[in-house]
Each structure stands twice: as structure tokens, then as C-alpha cells.
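S.K.: Okay, these came from TrEMBL:
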- 1-30: region 'Disordered' (REGION)
- 93-109: transmembrane segment (TRANSMEM)
- 215-239: transmembrane segment (TRANSMEM)
- 251-275: transmembrane segment (TRANSMEM)
- 303-325: transmembrane segment (TRANSMEM)
- 355-375: transmembrane segment (TRANSMEM)
- 387-411: transmembrane segment (TRANSMEM)
């Protein structure tokens, strides 16, 4: 790879491309000088992400459970709720099948206990996340150098949102890993094919891996199969280099089309088999989210939200370092990709943090570039005494602004809805053992969730086949029609009494404290007593302060 044309090393002037490193550069501070090989980087990432997964105990987005684990649980164990998206053929089974296989393994080993059912999927996702860290390190080393790669890895591991989100079983998390890995193989193919002279071209050709671009296309196709919106990223990447290609026909007809057709055919056949009918998921997904703006049902944001609120909140205090890295490195392909993705997603009315997660590692790579540039300087005060350098101050700032936030958001904020399902799962599991050995009735017979729809995990955590009911929020074809969730929030007591009567068919009722006071008289009147109360959040989440989650159960169950 020595003949490959690299981008300028961190902090070097334009004329220094290819020049030998100065003594000052050779003394750069490296965050982990002992890393050395990619194997050590992977080992560090695996250990870190495993701890990361074990520390994530909070609820973030319903799709983590309802569009992945719930579907996987239904595949593996025969029961689980399918949301309206699955009835309309908007989701591919490719992603849930990964976790369905994990559930099957747990069942065969008799490890499908409450703890394993909660933590095993996140531990599996932590393995994927670790490979994402490795490929980001390798991508940074490919485009820049090893010092930038190490500081990029530091940025990736310290960033609060990456810690908070990447080990969750969201399709966006796996999409992020695939995007970074695909970009690595794509840039490896591009850089290895460049040369300035006949000799260098010959040497580069001898070192070029002809499979790199095909591997990148395969990973890109898989990413698009899991989330069709991933095509936004790969459209930019492909077109930018397609313009400069000489063998365009070869690229399109012998590489892009065959790889894309094979992946599309396999995933389509898989979906046909799982759905039991002929369904083309990418087409249905695009029709609903782009052409009919179906996602707007779940709320809309202003056009500039990703630029002014969403992405700055995700990258947090790394933002000024990332901007500095963009300016200093002049690596416009990657920075242009970030701007392109944020711009295209801004067109859509419905916006979420997780939608732009795949470009967060790329922005953190520029932060790594800036930190590598700062590592060259040594600051002294006016009296000649050593003081904290710019780099040290920057590292301290990044750690104290990200680590506490990562831990708070992962351990405390919105944890009640996770804790309550783990509690019910334990109750169901213990009750099942009582039924077997003591011939008693199970403790959990049926559960009613009087809270906004999809506020908790479901069968994938409970792992017990009993009747459960939650407030439906399926989009209505008639605009302005309130779903059950909205009707309950508008008038809790009236709705609950009218729809569910005396609650006699439920053994447990779960609700937020903010709604508890409105229906407390109904609960007490029908012999329901408070069983447990779980802390949920310190501040407002959606409509009201949901400070705790409360479980009520019938008197005879207690």
C-alpha cells in the first residue's frame, strides 16, 4: 500500500504530501500506542462493546424491540406481536432472522431465562458494533494514517450517542456497521488503483485486491436490504467515483447489477417465504415513506432539524473538533457524504436521531484528525513551566462531557419500561416453575398496558405466552382520527372505563404515574393493588413527566 496516494497527514501543510515525517511528527502523542495490530484493536473493541451492552438498561426507540426482537421471538417461539408495518409488507425479515437464530440457540441450551432474553441480543449486537469500530479504525488508517486512526477510535468509543445507541438491536445500528465496513472496502479499492507513474501504477496494480470493490458492493446491497434508505449513502458514493471511471460499462453490468440482483433475489425470496405471499419490501417501503409521507404520522420536524438540533446533539462536544478536521484535512469526499445524507434526510418530514447514525462515525473520524493534529503541539506557560497541553485539555473536555452523559442515558433515563418487563418476566418465570412443581396458578395471567403504544418491550422480554393488550396506534386512512393511545391520553378515566370495563380479564395493569391518578379509583374499585413502582425519568419525555412506571395486580395474585 506504500504507493497509494493518501490524504495529507494530520496537520501537515499542502506541500508536505509524501515527505518523510519530521522529528516533531514522530513524537506525536498516541492514545493507545500499544494497540499495534488490527487484532488488538478488535480485542479492545469487543471487550469495550460487551461492557457497553451490559450497561445499556434504558428504553430509547420502540423499533429496537417491536421491529426486531418481537418479530424474532415470533419466528423462534411461535408467539409475538407483529405491528401494522409487517401486515403491509414494509419490513424485511433479514434483520430479525439473525436474532431469531440466537433465540433458537438459547432455547436449545435451556438459557432462555429472563436475563439472557434481555441481554443476549444486545451482546450479539455488541459483536457487530466491535467490528464497526475496527473497520472505522481501518478506514481512518486507509484515508489518513495510524495516528488519526487511533484518535478516531478514541472518539468513537467516548462519544455518548454511539455508546448509547450502537449496541441496541435497531436496524440502524447494523446499517451503521455495514456502512463503515463497506466504505472501507470501497476506499481500499479506489486508493489501491491510483498511481502517478507507469511504475507506480504497475506496483499498485500488483497490490490491488480485485475483490475489494465487489465486497463493498455486496455489503452495500446488504445494508440496503436491511434498510432501503441506505441507498441514499451509496448513491452518493457510487456516483462520485462513477464519473471518474474509465470502464463504466464493466462496473455497471458486471459488478453492480449482478451483485445487486443476487442480494435482491435472495432477500425477496426470503421475504416471500416468511410473509407467505409475494411481497417486494423495498418497493413498499419507498412507497409508504417517500411517496405517501406515511412516516409523518409519527410527527414532523422543521427542515433544518438535523443540522441545528439532531446531529449536533449526537456528535455533542466533538462537533468543533469534527469541523476543524474537515477544514484541515480537505477530505471532501467524506465530508460531502455527511452533508449529502443530512441534506437528503432533511427533505423528509419525519426525522429521528437514529436515521443519520451511519454518518456519525464518519464525523468522528474528522474529530480524530483534529486531535491527531493537536498531538503535535506542546504548550508551555510564560514562566516556562509545563502545563496542560491543548490536546490534554481537549481530551479532558471530551471525556467529562460525554462519559457522564453516556452513563446517565444508558443507565437511568427511561429505564422504567425496561425494568417493568423484566419484573413481569421474572414473575412469569417463577410462576411457571410454581405451576410445574407446586401445582399453583401462574402469577402472570394477562397484562394490560395503559400507556402510549409501544412504550415497553413485549413478548420478546416477557417470554411467556399469556394474553397481553396495549393501546393501538395503527395509522388511520382517515386524517384526524385519534388512535387508542391518543384517546386514552386525552381522557384516561373515560376511555379505560368504556373500553376495558372492570378490568376483570387482566391480572396485571401497567401504566405511567402521570396517568395513574386519573384511573386510580377504577383500579381500587376493581380490587387492584400496587405491586411495584419503577423509576423511569427525571424530566419530560413526550407529553408529560413520566417519572415512574407502576404495576397494579389483582388482590388474589398478590
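Just so you know, glycine gets a Cβ as well, placed from its N, Cα and C.
How about a rundown of where these features are and what they're close to?
M.R.: With a threshold of 8 Å between CB atoms, the same-chain residues lying at least 6 positions outside the transmembrane segment (303-325) that come near it are 155, 159-161, 342, 345-347, 351-353, 356-357, 360, 363-371, 373, 394, 397-398, 401-402, 405.
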S.K.: If I count Cβ-Cβ pairs under 8 A between the transmembrane segment (93-109) and each of 215-239, 251-275, 355-375, which range comes out on top?
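M.R.: The stretch with the most contacts is 251-275.
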S.K.: Using a threshold of three or more Cβ pairs below 8 Å, and leaving out pairs closer than 6 in sequence, do the transmembrane segment (215-239) and the transmembrane segment (251-275) count as in contact?
M.R.: yes
S.K.: State the non-local partners of the transmembrane segment (355-375) in its own chain: residues 6+ outside its ends, Cβ under 8 Å from one of its Cβ atoms.
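M.R.: Residues 10-11, 28-30, 132, 136, 139-140, 143-145, 147-156, 159, 161-162, 165-166, 172-173, 175-176, 179-180, 183, 229-230, 233, 306, 310-311, 314-315, 318, 321-326, 328-329, 331, 334-335, 337-338, 341-342, 345, 389-391, 394-395 contact the transmembrane segment (355-375) from elsewhere in the chain.
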